[in-house]
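Swiss-Prot lists 24-44, 46-66, 96-116, 117-137, 158-178, 184-204 with the feature transmembrane segment.
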Amino acid sequence: MKNILPFLTRIPIKGDFEKARRELWAFPLVSVFTSPLPALILYLKVPLASILALLSLYFTIGLLHLDGLADWADGIMVKGDREKKIKAMKDINVGVAGIFAVVTVLMLQIYSLQLVPFYAIFLAELNSKFAMLLAMATKKPLGKGLGAYFMEALDRNQLLYGTLIYLLLYIPVIIAEPRNLVSFLGLFIGLYAVKISLDNFGGLNGDCIGAVAEITRVGTLVVITLGWRI
């Protein structure tokens, strides 16, 4: 899976672009690499732990998905036909909707991380990466970018292996603490973002998949917060 890591993280290793297409099954496994540092910060309960944990997460994964969320939100909020929405999403300038979406996602994550178990960030990242895989499984690319290139290579075997890895990582956490089962709802929040993308744009590109990743992560943290506090 070393070839897929450079596409989803800032971990300084070299990956082969063509080989990465054959490692899409490893998307859920990437959460094992992206969540330990923020989880450790939360576990140690250092001052401003939730802020530092989130900063460490984005230091690890980069800001590409967050940028995609901003572009996605701009496209979603534009009134008009599909062409206008796609044009707004591809505009290099970030609009008010994009800024609002990014700020909202960041604030919800910071707030939620103060109220959930330290390992909740792992569940959130696991759901986030699996939701990206499910988004690509729609096989409805928008344009001919990286998203389309990966979708073309995603077959049933890769999807099956990715699902098995997701379950192998997810189930032990649920067995250890059944209340964490509520986190599964976060995955459906991400899938709803996929539906919104298809309804508005007719397909998915890298921005859409990045938005799905961000929305799934924050959605998972929010539902875990509600599950543990109600």
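Glycine is no exception: its Cβ is also placed from the backbone N, Cα and C atoms.
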- Query: Top stretch among 24-44, 46-66, 117-137, 184-204 for CB pairs under 8 A with the transmembrane segment (158-178)?
  - Reply: 24-44
- Give the one range among 24-44, 46-66, 117-137 whose Cβ atoms make the most pairs under 8 Å with those of the transmembrane segment (184-204). 117-137
